[in-house]
Amino acid sequence: MRRPVVMGNWKLNGSKAMVTELLTGLNAELEGVEGVDVAVAPPALYIDLAERLIAEGGNKIILGAQNTDLNNSGAFTGDMSPEMLKDFGATHIIIGHSERREYHNESDEFIAKKFNFLKENGLTPVFCIGESEAQNEAGETEAVCARQINAVIDTYGVEALNGAIIAYEPIWAIGTGKAATAEDAQRIHASIRALIAAKDEAVAAQVIIQYGGSVKPENAEAYFSQPDIDGALVGGASLDAKSFAAIAKAAAAAKA
């Protein structure tokens with residue numbers, strides 16, 4: 001059985017005080033919780049502090065990051081490399097988020113290169129895909145997700161997805177309070193897994209597919225009860241220790 005992964009994407013939120021309070025609280029809330037991997041992706045400036053706080057709490061939390069460059073060193077002002085992330089113990093790296101696609105004009109092909117570079121450096125890509133509201137209303141969701149995934153598969157092979165995490169995040173549900181129903185999310189997750197299975201059933205069987213988009217303690221159980229939803233990529237609710245821990249506990253219970 002696939003082990004669920006619940007990851008918090010803190011986006012552009014944080015301060016020393018907030019990171020300390022949040023991770024201290026999360027360490028306490030996760031005491032004794034088993035059957036789920038819990039990860040956080042703080043802003044880059046707080047990765048060092050997060051690493052220390054996670055260690056103080058007994059390393060119950062996986063450290064991640066929100067981006068990576070395509071180079072490990074050199075004249076690339078403002079960027080951070082996989083080697084730097086590894087230096088701070090970060091392993092799960094978010095790529096392809098709709099905010100990066102929109103605000104930084106990151107293409108499917110560029111994101112596929114990031115995916116491959118993370119794999120080459122021994123890190124776990126958390127590969128975000130998803131459709132806009134207009135694409136959803138036009139019935140294009142499955143085609144959009146397939147295009148985004150195939151950017152990786154067609155260049156690097158389906159085996160590249162081994163050990164990776166896919167996060168399906170309908171753009172219209174991110175930070176809006178709207179959310180896909182559990183049944184609709186399951187339908188898309190099943191189509192993603194079927195797309196991969198058509199090329200390699202073993203890869204499809206092991207790949208983690210998270211749902212993201214206004215996941216909260218109140219709706220988490222419904223999502224995690226679906227057979228192809230293997231966790232969540234959580235935004236706003238991950239900024240509250242009790243809420244985020246409740247989501248993680250729901251994943252552990254549903255997949256036990």
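Cβ from N, Cα, C; glycine included.
The substrate site recorded in Swiss-Prot comprises Asn9, Trp10, Lys11, Gly175, Gly235, Gly236 together with one of Ser73, Ser132, Ser214, namely Ser214. Largest Cα-Cα distance over the residues recorded as binding substrate, namely Asn9, Trp10, Lys11, Gly175, Ser214, Gly235, Gly236, equals 14 Å. Taken residue by residue with DSSP, Asn9 (substrate binding site) is part of a strand. The separation of His97 (active site, electrophile) from Gly236 (substrate binding site), Cα to Cα, is 15 Å. Same-chain residues with CB within 8 A of the center of the Asn9, Trp10, Lys11, Gly175, Ser214, Gly235, Gly236 CB atoms, the substrate site residues themselves not counted, are Ile174, Val234, Ala237, Ser238, Leu239.
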